[in-house]
Amino acid sequence: MAFRRRTKSYPLFSQEFVIHNHADIGFCLVLCVLIGLMFEVTAKTAFLFILPQYNVSVPSADSETVHYHYGPKDLVTILFYIFITIILHAVVQEYILDKISKRLHLSKVKHSKFNESGQLVVFHLSSVIWCFYVVVTEGYLTNPRSLWEDYPHVYLPFQVKFFYLCQLAYWLHALPELYFQKVRKEEIPRQLQYICLYLVHIAGAYLLNLSRLGLILLLLQYSTEFLFHMARLFYFADENNEKLFNAWAAVFGVTRLFILTLAVLAIGFGLARMENQAFDPEKGNFNTLLCRLSVLLLVCAAQAWLMWRFIHSQLRHWREYWNEQSAKRRVPAAPRLPARLIKRESGYHENGVVKAENGTSPRTKKLKSP
């Protein structure tokens, strides 16, 4: 199974070989794990890679339900889904983005940004649908008080834990993809910023047992990012199409306000009124004043940084726009050529014949010689 058409071969295990065949290598490793499911000796180890671990039967009103909590074995599961994400990344790049970019004939800079936005559009769209389904089925939207009630939320439903594991796997896979995709050095710091930002927030919500609040915040953030990267794709297809950018600019500020409001409401007011305010890592309780202030400070600082970058970007775009408009006004108009004067004969024309004003012919008659 080859994901890329190669015109020449590279030395085995060389740098170019790994770059051009990293998806095939990942597919082989995933296939080995799947083959391990077929044998009783290795099945237990294979399930360690595929399924979430640390399942616990929790008694409910009707019967017992299976929930999960986190632990060190989650790193093995995340590693397996990192390879799954690398394979899916290569499939989207090879069979969708490369075919579209060939028709658009983009420059190298725009081609790199097109690939980035294309990958993130697919990821954000699937994450928004998945996250919305989880939030609705678990009842977090209909009951906002569940975001902080019964804290700590140590025991997670299967779909909630699996969602967090896949999210961590995706953003961890984005780090080696900077090398595999040969991202330009100028773009690496910017991409590292938002990759690390997502990793810190997702891992923090997962480890501090704030998974319910994290789901709502991710749903808001991913919806805004999906709109932004979709606007970039439409812009690369047609540079005159900037309507989606205007819609994203309006949604961006509202999203920042909602995220800050929910964070302050759930952490600053909800958890502050809970009775169990003791630091107990064994029970997963981090509901202390210091932890709450640290989480709020992190969320507020991230939102303020994003808002500052947004305002700075909008001011730069407006400045460039007005400079272009002023430059167009300063361009002097092209001088008009004087109209050619047509020398007309005296008199007037009647049926194509020039006649004098008194009815005689304006032409001088030749005098006959005597």
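Each residue, glycine too, has its Cβ placed from N, Cα and C.
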Checking feature assignment: transmembrane segment per TrEMBL, candidates 18-42, 118-142. Which range matches? 118-142
Quickly jot the same-chain residues contacting the transmembrane segment (292-311) by Cβ under 8 Å, restricted to those at least six beyond its ends, or write none. 197, 200-201, 204, 208, 210, 217, 249, 252-253, 256, 259-260, 263-264, 267-268, 271-272
